[in-house]
Amino acid sequence: MLSGSRIFAVNHKKISSLNINNVCCSKIRASLKRLKPHVPLGRNYSSLPGLIGNDIKSLRSVLSPPAAKIRNIGIMAHIDAGKTTTTERILYYSGYTRSLGDVDDGDTVTDFMAQERERGITIQSAAVTFDWKGYRLNLIDTPGHVDFTVEVERCLRVLDGAVAVFDASAGVEAQTLTVWRQADKHKIPRICFLNKMDKTGASFNYAVESIREKLNAKPLVLQLPIGEAKTFKGVVDVVSKEKLLWNANSDDGKDFERKPLLEMSDPELLKKTTEARNALIEQVADLDDEFADLVLGEFSENFDLLPAEKLQTAIHRVTLAQTAVPVLCGSALRNKGVQPLLDAITMYLPSPEERNYEFLERISRLLLPFADQHIEIPSLTAGNIALTVGLKHTATGDTIVSSKSSALAAARRAEREGEKKHRRNSEAERLLLAGVEIPEPVFFCTIEPPSMAKQPDLDHALKCLHREDPSLKVRLDPDTGQTVLCGMGELHIEIIHDRIKREYGLETYLGPLQVAYRETILNSVRATDTLDRTLGDKRHLVTVELEAKPIETASVRPVIEYADSVSEDLLKASQEAIENGIHSVCLQGPLLGSPIQDVAITLHSLMIHPGTSTTMISACVSRCLQKALKKADKQVLEPLMGLEVTVTKDYLSPVLADLAQRRGNIQEIQTRQNNKVVIGFVPLAEIMGYSTVLRTLTSGSATFALELANYQAMNPQDQSTLLSQRRGFT
């Protein structure tokens, strides 16, 4: 197995240094053994782009499409909004597959991991390359579950655009907000696809309004649905004033007709569409000066005379500027509205040359991704996404350069350019991508191999999985010597456990799942300590006085300060040892052995005998800080989760009663179509196993979403109960 494989993006302009984003976002670990095109059993694949059988027909046409004809896009959404189904239909209509895959049947292209097919969810991002009407599309299907948010984060960093998929009956949901914020952070232009227009309770107007209100975005309505829920049968193209109707007798959605709206046959629909088009023109004119001049100059008397091409070009500019988002609709499951979505991707989302990152590609071994299939290729042109293998020491978030000198040169250029004001993007933003933000884990458990002989194999598996998924943390318990897994949720750790078994052939044993608490102190305390030891003929003598105090600003790492009385000469020689001693203590607090946060440590006095080793300095500082913390009033902090439960009115009361027993704090109850949405906070310790309970309470009709909100102080009674449980008392 080739474990050091990575997916990266290369953009259009060449510079002297090699800057490749190491994304690690493609599910290729288990499948890179087969580098030749491989056809999994149970699916019927068309030839890959540019291929006839296993032979490359035109290598240049496959590898070197013009940059203007390339679209690097991601599919993102809340869980169960229909991302993977939409991706599956896109692949089918583009000719990549010859049959329609289904999430429930476990035979989709991008959800090829065994864990994904068993659960019907996306766990890792998958990259697929295909063609549509002369355009090359590199598409990445991302997860929607909160446990795998980091997958979305690392993919968005190299994408040029994104399709946000919404459930038309629910509008903006909890995880929608998370992925939207991630796209905002990386300045990704996007379009919205209101999926499931055939679903009971689907409402186009409600979904559009939720985008406007909850995402603070300006939706550009480019389509109107023809019917909703059971009556949904097609869409109206607002830009061209045409209706698209899908043949009810067609099994795969390929058979549809596009007709202009006429006064004689569709008077009401034509009137509604004309009003929507006029509103769209006015909206785009407000956002784009060039288009406003055109409209006011030539078409102010009659918007109907404005060519569709002019409007489309202006929408493209507005989308690129991220001042508004085009909105389309359809039903991927019922095979309606996907082909116009593909057209919109090529028409409105940017090409690599319209983005501002600059890279030069120079890697020895390259692969072109097709989900779990890969073709080894000799070279790659700018603007494409590809895989590289053999990078054994890189990790997610790395920017790779050809040499140290080229990196320094890029940094110097970035510094010079950063001083120039009124530049939209600095050189630094174009050259070096920011690292991925990895959220802190909230669950942990011990993991043990079947025998001590297998411990090196387990260590290797965890090392590889951590490189691939940096949200997985692995540490060694200093007291027991056990390996501890730290993850983003129950599902996250369950998937890691299953992958170790399937991919590495190890039957491991997990300890009980535990909540990752934190600790802090409530008052300021001082302590003094002296370490005096003679080793051989050498005396090691250190005296330390320090103060620990709480701070109001949330800080995971201790804030370290030095009093003026501490000698600068001593600090120069011993500062690293001092801070190592402080950090080591703050990793394990005195109450639960949990990390300490929200504290400041001030060193007031330091005396060191000449010749004292840095190890002894660290040991003395650690012991002194431990003394101080034991004297302080201590507080346990527990993770507080933001909770959103969508439930029918009939089951609202039992859900609220159950949340009250779980120390839940209800903020508001919203109405969403025929459902109620309960929004509040609940401690993570009280929500373990909640999915099973909620399913029982509501006969399987309710759904919920969780996201870490913050850490809050436990009340004295709950803290006392927790400490008693940890010490073996009840």
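Counting starts with 1 at the first residue shown.
Using the three backbone atoms N, Cα and C, a Cβ is placed for every residue, glycine included.
Copied from TrEMBL, the annotated features are:
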type    : residues                : note
DOMAIN  : 68-353                  : domain 'Tr-type G'
BINDING : 77-84, 141-145, 195-198 : GTP binding site
Neighbouring C-beta atoms (10 Å sphere around the C-beta of M197 (GTP binding site)): 29
Confidence summary for the domain 'Tr-type G' (68-353), mean pLDDT rounded: 84
Surrounding CB atoms that lie within 10 Å of the CB of D80 (GTP binding site), all protein chains: 19
Other CB atoms within 10 A, centred on K83 (GTP binding site): 29
